[in-house]
Amino acid sequence: MIQVLLVTLCLAAFPYQGSSIILESGNVNDYEVVYPRKVTPVPRGAVQPKYEDAMQYEFKVNGEPVVLHLEKNKGLFSEDYSETHYSPDGREITTYPLVEDHCYYHGRIENDADSTASISACNGLKGHFKLQGEMYLIEPLELSDSEAHAVYKYENVEKEDEAPKMCGVTQNWESYEPIKKAFQLNLTPEQQGFPQRYVELVIVADHRMNTKYNGDSDKIRQWVHQIVNTINEIYRPLNIRFALVGLEIWSNQDLITVTSVSHDTLASFGNWRETDLLRRQRHDNAQLLTAIDFDGDTVGLAYVGGMCQLKHSTGVIQDHSAINLLVALTMAHELGHNLGMNHDGNQCHCGANSCVMPSVLSDQPSKLFSDCSKKDYQTFLPVNNPQCILNKPLRTDTASTPVSGNELLEA
């Protein structure tokens with residue numbers, strides 16, 4: 001009995017390293033099993049919410065202890081956030097989730113100034129963090145021990161498809177004047193000339209997405225929430241906040257013709273947004289998330305400079321990877337087009353091997369905007385004057401997962 005107890009204690013104290021495992025993100029060639037320990041202090045007598053505004057976790061990476069600091073992404077959901085799906089006979093059903101705790105966080109690693117993190121704490125810790133310049137993924141292991149998590153480098157995930165992933169936007173590059181040195185300095189977004197802007201966002205998951213996730217709306221919901229949480233992290237340096245005001249799942253059938261021709265699908269989706277969605281859902285921008293395989297290497301398409309326009313404030317995104325970060329980066333890229341950003345040319349730099357806006361999406365994920373993207377956005381604001389992103393959305397510190405039954409409202 002004593003020997004068994006000692007073994008259990010050792011497993012909890014020291015990470016286990018494995019050579020290969022199949023995880024949600026795919027086949028992983030090298031990983032560690034870790035046991036994150038929550039170390040957030042709670043004042044004596046205080047009522048502890050399920051998901052605090054700030055949390056800290058300790059665990060080991062490569063044998064070295066790390067402390068992950070997390071802060072809740074307040075304002076991730078608007079106060080009037082809604083979800084819509086369709087009954088088998090085609091009736092539109094909209095729910096308004098109760099306003100309570102949510103479990104999506106941004107964060108950093110202690111003593112690493114360049115670290116970042118985007119984490120879901122809904123069921124264990126799931127997401128990604130940057131540590132000492134390398135991207136790591138973390139997710140709970142489906143073991144009897146509910147505290148066990150896998151941590152692994154992004155580069156150790158076997159790629160499902162070696163073909164390059166591309167944006168379908170075509171653009172003629174312009175030569176840019178040298179960017180002011182303010183972009184290289186440790187200045188606030190306001191000091192760099194980025195006024196606070198708010199984008200009220202609707203995500204639509206098409207019928208193929210519903211089929212891909214076996215009609216499990218919870219999985220689709222969590223997948224989308226993680227995407228938008230990461231998008232907020234990416235756009236924080238530009239002082240842009242994305243508030244999710246609606247999630248619509250085409251659970252019965254597609255409401256437009258979704259084809260492998262991305263330009264046709266984008267045009268149809270833009271028309272549908274103008275004639276249907278805008279009539280019943282207040283929002284600034286809509287993105288279609290589809291499980292169709294677009295022709296060629298295209299995984300996304302959007303209208304350049306279309307933000308706040310009735311038809312053109314849209315994009316279409318292929319759900320092309322089992323790694324949530326990669327799909328989030330694709331959507332962040334297409335939203336960049338909506339905000340006036342062109343593709344990066346060779347003269348564009350962000351201090352990393354790749355940036356957010358290349359025409360060919362890099363196999364080294366980057367959440368940094370180039371100097372060119374920053375200038376494009378700064379030019380877009382006064383020239384296009386997008387009024388819809390000026391207003392602060394109805395926001396709340398927290399939001400919940402949907403409830404059923406008496407919260408169903410037929411439109």
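Each residue, glycine too, has its Cβ placed from N, Cα and C.
In Swiss-Prot, the cysteine linked to Cys308 by a disulfide bond, out of Cys355, Cys372, Cys388, is Cys388.
When Swiss-Prot records Glu200, Cys388, Asn391 as binding Ca(2+) 1, the matching candidate from Asp112, Asp114, Asp284 it lists for that site is Asp284. Only one of Cys167, Cys355, Cys372 is recorded by Swiss-Prot as the disulfide partner of Cys348: Cys372.
If you go by Swiss-Prot, Cys355 shares a disulfide bond with Cys350, out of Cys167, Cys350.
In the set His337, His343, Cys348, Cys372, none of the recorded positions has a C-alpha within 10 Å of the C-alpha of Asp284 (Ca(2+) 1 binding site).
Regional average pLDDT for the domain 'Peptidase M12B' (197-393) in the model is 96. Counting other Cβ atoms within 10 Å of each Cβ, the lowest count among the recorded positions Cys348, Cys350, Cys372, Cys388 belongs to Cys388.
His333 (Zn(2+) binding site): 26 other CB atoms within 10 A of its CB, across all protein chains. Each residue in Tyr198, Val199, Arg282, His283, Asn285, Cys308, Ile389, Leu390, Pro393 lies on the same chain as Glu200, Asp284, Cys388, Asn391 and has a C-beta within 8 Å of the C-beta centroid of that Ca(2+) 1 site, without being one of the site residues. Using a 10 Å Cα-Cα cut-off from Cys388 (Ca(2+) 1 binding site), the disulfide-bonded residues that qualify among Cys308, Cys350, Cys372 are Cys308.
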